Amino acid sequence: MKKLVILGSTGSIGKSTLSVVEQNKTEYEVFGLVGGKNVELMAAQCLLFQPKFAALDDENAAKALEEQLRQLNVKTEVLSGQKAICELSAHPEVDMVMAAIVGAAGLLPTLSAVKAGKKVLLANKESLVTCGQIFIDEARKSGAQLLPVDSEHNAIFQSLPPEAQQKVGFCPLAELGVSKIILTGSGGPFRVKPLDEFAAITPAQAVAHPNWSMGKKISVDSATMMNKGLEYIEARWLFNASAEEMEIIIHPQSIIHSMVRYIDGSVIAQMGNPDMCTPIAHTMAYPKRINAGVAPLDFFKLKELTFIEPDFARYPNLKLAIDAFAEGQYATTAMNAANEVAVEAFLNERIRFIDIVNVNRTVVENIAPVQVKEIADVLHIDKLARELAEQAVINL
């Protein structure tokens with residue numbers, strides 16, 4: 001049995017991961033669960049999966065969890081704080097770590113798993129957006145296996161030759177006959193909405209994604225296509241791709257999850273129903289296959305598959321992300337932090353939908369260029385960018 005730690009078990013990806021475990025109980029043992037403050041859900045997960053450890057970032061929440069588990073007679077040991085979570089990620093008994101904590105909070109525990117040479121199922125975008133070079137270098141040093149969980153990157157991974165799959169982060173695409181990585185995106189819920197109506201978009205409208213079931217933050221990112229911008233940055237790092245080797249296409253049906261174009265004219269695509277359990281199951285079992293509990297794709301129900309070029313006037317956040325990568329790691333780190341603040345402000349109705357990109361752009365343009373050499377640099381830039389973003393929100 002493979003022993004698994006889930007960083008972010010109470011979130012959307014974490015819950016989907018546990019549902020895949022339920023489908024394959026003889027293959028996987030949940031060794032540790034990590035969450036933020038959701039005591040009720042964590043207690044329910046501990047009751048169901050009986051992990052050896054459960055960790056919450058918040059100390060008071062951890063104490064409340066300990067009390068609940070005692071009443072439920074669950075023997076799971078409760079930990080709290082970043083240090084304990086990092087130690088759990090690197091625990092010698094652990095085979096694989098699902099890195100699904102949203103935001104900068106997931107950086108250190110994910111890096112801890114990478115340094116320990118674990119099989120790391122990477123669902124935390126920020127790891128590569130803010131620390132791409134650091135993560136790739138550490139994985140090469142430790143021998144950690146990085147497997148992308150994001151549906152698009154997982155699709156690209158599956159469409160690449162086996163040699164490239166063994167060299168995530170440093171695969172020579174051109175040598176393997178790859179000409180383009182084609183990243184697809186649905187275009188979100190406002191793909192055909194008139195631009196003059198964007199100022200009136202509400203949080204409720206923005207979180208209603210047409211195809212995927214996701215958390216609020218990532219749903220807003222999908223609506224602005226910042227999500228695709230972050231995925232562009234991730235793909236550049238994961239697949240060692242140049243700007244010329246990248247292509248972004250809007251595919252509203254979300255059936256083709258991404259593609260790889262080869263120099264002989266072939267295009268290999270990965271398809272399936274839009275359900276995160278598929279890429280989760282793929283990374284958990286790789287190089288084998290397991291049941292993900294996902295309905296098979298019914299080709300006879302597909303009316304059409306359409307492809308559209310992205311419009312940067314409609315999706316300025318996408319252009320901002322592409323340009324930020326060209327600027328360097330400091331710019332992508334600052335943009336990511338600013339976006340977290342801006343999206344939170346929008347969800348709390350402090351700013352309009354169209355102001356999200358204005359906050360992000362203000363921060364990227366005003367942050368001082370810094371060379372990112374270690375994670376302390378990343379955390380410093382992240383902190384500065386959040387302060388700048390908060391000020392930008394107030395100034396709007």
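Every residue, even glycine, has its Cβ placed from backbone N, Cα and C.
According to Swiss-Prot, the feature NADPH binding site maps to THR10, GLY11, SER12, ILE13, GLY36, LYS37, ASN38, ASN124, GLU126, GLY215, an assignment based on sequence analysis. The secondary structure of GLY36 (NADPH binding site), as reduced to three states from DSSP, is coil rather than helix or strand.
For LYS125 (1-deoxy-D-xylulose 5-phosphate binding site), the same-chain residues lying six or more positions away in sequence with a CB closer than 8 A to its CB are ASP150, LEU230, GLU231, GLU234, ASN336. The feature 1-deoxy-D-xylulose 5-phosphate binding site is assigned by Swiss-Prot to LYS125, SER151, GLU152, SER186, HIS209, SER222, ASN227, LYS228, GLU231.
Cβ contacts within 10 Å of GLU231 (1-deoxy-D-xylulose 5-phosphate binding site), excluding its own Cβ and spanning all protein chains shown: 29. Here Swiss-Prot flags ASP150, GLU152, GLU231 as Mn(2+) binding site, drawing on sequence analysis.
Across the structure, ASN38 (NADPH binding site) and GLU152 (1-deoxy-D-xylulose 5-phosphate binding site) are spaced 29 Å apart at their Cα atoms. Comparing the Cα of GLU126 (NADPH binding site) with the Cα of every entry in GLU152, HIS209, ASN227, these being the binding-site residues, the smallest distance points to ASN227. Residues THR10, GLY11, SER12, ILE13, GLY36, LYS37, ASN38, ASN124, GLU126, GLY215 are recorded as binding NADPH; their most distant pair of Cα atoms lies 22 Å apart. Here ASN227 (1-deoxy-D-xylulose 5-phosphate binding site) is positioned 16 angstrom away from SER12 (NADPH binding site), judged by their C-alpha atoms. For the 1-deoxy-D-xylulose 5-phosphate site, whose binding residues are given in the record as LYS125, SER151, GLU152, SER186, HIS209, SER222, ASN227, LYS228, GLU231, the maximum C-alpha distance rounds to 19 Å.
In the structure as shown, the Cβ atom of GLU126 (NADPH binding site) sits within 10 Å of 25 other Cβ atoms. Under the three-state DSSP scheme, GLU126 (NADPH binding site) falls in the helix class.
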